[in-house]
């Protein structure tokens with residue numbers, strides 16, 4: 001499913017090349033960049049010592065954070081908001097990054113059961129871990 005008015009926002013893309021964008025150009029540009037993230041773990045795939053048990057691809061936190069910023073800065077406020085809320089809030093996805101080991105979650109959203117802040121063991125070596133994405 002691709003969001004109306006876009007060619008890149010959704011599962012896969014409908015573009016006839018990387019330069020083609022839908023009518024919601026700014027939102028679609030954000031989705032295209034996100035789709036081209038170089039650091040990802042395919043559905044049911046493994047990388048960096050992590051296994052993605054989800055039925056969809058998960059990306060590095062760097063790519064997800066850039067996607068979130070891009071959507072927030074988009075002039076296409078309605079379409080960007082819809083895409084952002086769907087990806088970041090409804091899907092309840094996770095991203096991965098290299099960081100100090102998580103000791104515990106400091107703040108957890110009671111409604112969506114999503115971790116917001118973490119305590120880290122800063123004396124241990126960094127390792128790749130899953131992190132909940134922020135709500136949109």
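Each Cβ is built from the backbone N, Cα and C atoms, and glycine gets one as well.
Swiss-Prot annotates 8, 10, 12 as Ca(2+)-binding residues; of 35, 39, the candidate listed for that same site is 35. Shown in sequence order, 2, 6, 7, 9, 11, 13, 14, 31, 32 are the same-chain residues outside 8, 10, 12, 35 whose Cβ sits within 8 Å of the Cβ centre of the Ca(2+) site.
Ranked by Cβ neighbours within 10 A across all protein chains shown, the disulfide-bonded residues 30, 61, 105 are led by 30. Cβ neighbour density within 10 Å is lowest for 12 among the binding-site residues 10, 12.
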